[in-house]
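*Asks:* What TrEMBL records for 41-290 is domain 'G-protein coupled receptors family 1 profile'. Per TrEMBL, the feature transmembrane segment maps to 25-48, 60-79, 99-120, 141-164, 200-222, 243-261, 273-292.
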Amino acid sequence: MTSWNHTVVTYFQFLPFSSIPEIQGSLFCLVLLMYLSTLVGNILIILITMVDAALHSPMYFFLKNLSFLEIGYTTSTIPKMLVNFLTQRKGISFLGCAMQMYAFSLLGITECCLLSAMAYDRYVAICHPLRYTTMMSWNKCFLLSAVSWLIGVLVALGQTTLIFTLPYCGPNRINHLFCDLLPLLKLACVDTYKNEVTTYVIAVFFITVPFLLIVASYIWILHTIFKLPSAAGKRKTFSTCSSHLVVVTLFYGSGIVTYLTPKAFYSSNSNKLLSLSYTLVSPMMNPLIYSLRNKEVKQALKRLIAK
């Protein structure tokens with residue numbers, strides 16, 4: 001591997017989303033509006049879960065962590081993206097690119113793990129309600145959250161080191177909206193086959209394994225729900241986990257397509273659109289999903305507004 005000190009490229013330039021200035025301006029306004037909505041919605045979720053005693057439970061502890069992740073996740077990419085929409089020199093320094101990719105990878109992988117922890121919480125609440133307080137103690141909640149963050153920190157560090165110790169000595173134009181794995185690998189001056197395999201292995205393990213744990217949790221949840229005698233009981237029980245299920249679908253849907261699609265089917269244009277989905281649409285929708293589909297959150301929001 002070539003060290004950073006031997007790297008020729010010190011600056012990366014992003015290709016514009018479109019060559020039409022009007023589209024760039026419209027996209028700036030749209031992304032800015034969505035970003036501000038994401039910040040306001042997730043800050044509000046954090047606020048109400050902190051100040052309302054009725055929401056001091058493991059489920060909302062994880063939700064508060066998720067909202068914090070979403071704020072960092074979007075902030076790691078969107079502000080720089082907005083600047084690039086309005087400037088002619090749409091670029092980022094080599095070190096800035098490495099820092100952006102590290103932050104984005106850290107928060108994304110941590111969110112994968114946290115969503116699986118939230119699925120486990122719903123599994124215990126529905127399948128083992130009488131043992132919920134013992135199986136989901138605060139110590140276990142803090143441990144699950146800490147392990148999620150630790151995995152994110154270590155895996156992101158490994159991925160970033162893997163990408164940015166490659167030699168970049170020629171093209172420096174990234175056909176993407178931010179510094180991401182696959183677009184950067186295409187710019188390296190060496191054969192990146194081993195790096196691509198390693199990237200896919202990491203993606204399969206740290207994206208697919210949490211996803212499979214979520215699927216397993218919901219199989220048991222649905223099995224328990226179907227055994228309930230009344231239709232009203234089934235609807236009420238399922239409503240406690242439906243918000244989480246929608247969030248998982250939004251986040252994993254675009255993430256799996258982006259990072260597990262074979263290279264032969266990789267398309268820069270479609271990847272740009274998908275990147276906006278998992279970096280902006282999903283974080284913006286999460287507060288709406290939890291506030292509109294969750295009675296406790298809606299009641300807490302009303303109490304907060306009343307105060």
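Heads up, the Cβ atoms here are built off N, Cα and C, so glycines get one too.
Note that TrEMBL annotation is computational and uncurated.
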*Asks:* Might you confirm whether the transmembrane segment (99-120) is in contact with the transmembrane segment (25-48), defined here as three or more C-beta pairs under 8 A between residues 6 or more apart in sequence?
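*Replies:* Touching, no - the transmembrane segment (25-48) and the transmembrane segment (99-120) miss the threshold of 3 or more Cβ pairs under 8 Å.
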*Asks:* Check the transmembrane segment (141-164) against the transmembrane segment (60-79) for contact, please; criterion is three or more CB pairs under 8 Å, pairs 6 or more apart in sequence.
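*Replies:* Result for the transmembrane segment (141-164) with the transmembrane segment (60-79) is yes.
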*Asks:* Using a Cβ cut-off under 8 Å, which residues of the same chain at least 6 positions beyond either end of the transmembrane segment (273-292) come close to it?
*Replies:* 31, 34-35, 37-38, 41-42, 44-45, 63, 66-67, 70-71, 73-74, 77-78, 104, 108, 176-178, 180, 243, 246-247, 250-251, 254-255, 257-258, 298, 301
*Asks:* For the domain 'G-protein coupled receptors family 1 profile' (41-290), report the average pLDDT of the model, please.
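*Replies:* The answer is 85, the mean pLDDT of the model over that range.
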